[in-house]
Amino acid sequence: MCPLRSLLLLSTLVLLHHLPHLSLGRSLPPTTAGPGRSCLNYSQNLLRAVSDTLQKARQTLEFYSCTSEEIDHEDITKDKTSTVEACLPLELATNESCLVSRETSLITHGSCLASGKTSFMTTLCLKSIYEDLKMYHMEFQAMNAKLLMDPKRQIFLDQNMLAAIAELMQALNFNSETVPQKPSLEEMDFYKTKVKLCILLHAFRIRAVTIDRMMSYLSSS
């Protein structure tokens, strides 16, 4: 029989993946210290930062349709990463049973796992999370560069959120080529940029909840 905790995690990840419009403000109960506690702290910090940034954006951009019910939801990681699938608990990572199918250990260099040694499936999960963070970090940086050109100087991205993303990426420590995005000068429509900011913040908060729950699961495993 599959462990109940793994099934609960799976149902949560699937729900987050398919129902992005839900409000998920509640955090998980505190877990005991474990090998993944370092990244759990970073993920909790990230969730707080993106929640605060989203709240400020909704207040500042109240006339820009910035609520979850008003925006058109968009996932910039779609067809590029597969975090929900990659982060399935090992007990559920087989086709016909709940037995662990892969026990191969890999050496990782990040601080998310204190031992530096983790399973193949866990490494895939952390790698996918890293790629998610990298895509959002690049997108937010490019968007902030546009907002800095806005004569109204109405809103900018909270540097605490960008720093929280960077900290978790550094803790994961996967080497991946990064191509900085530059703001497009062809279409400098600041209204569209602010609407897009709302869309991205809502999507990223959902992803931050998913990441936080995965880190909680890993830290208590």
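Quick reminder: no glycine exception, Cβ is built from N, Cα and C everywhere.
If you check Swiss-Prot, you get these features:
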- 1-25: signal peptide (SIGNAL)
- CYS39-CYS112: disulfide bond (DISULFID)
- ASN41: N-linked glycosylation site (CARBOHYD)
- CYS66-CYS198: disulfide bond (DISULFID)
- CYS87-CYS125: disulfide bond (DISULFID)
- ASN95: N-linked glycosylation site (CARBOHYD)
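What Swiss-Prot annotates, mapped onto the structure for a quick look.
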residue	record	contacts (Cβ under 8 Å, 6+ apart)
ASN41	N-linked glycosylation site	none
CYS66	disulfide bond	ALA57, ARG58, VAL195, CYS198
CYS125	disulfide bond	THR83, ALA86, CYS87, MET214, LEU218
Considering the disulfide-bonded residues CYS87, CYS198, which residue's Cβ sits among the greatest number of other Cβ atoms within 10 Å? CYS87
Please state whether DSSP places CYS87 (disulfide bond) in a helix, a strand or coil. coil
Can you tell me how many other Cβ atoms are located within 10 Å of the Cβ belonging to CYS39 (disulfide bond)? 27
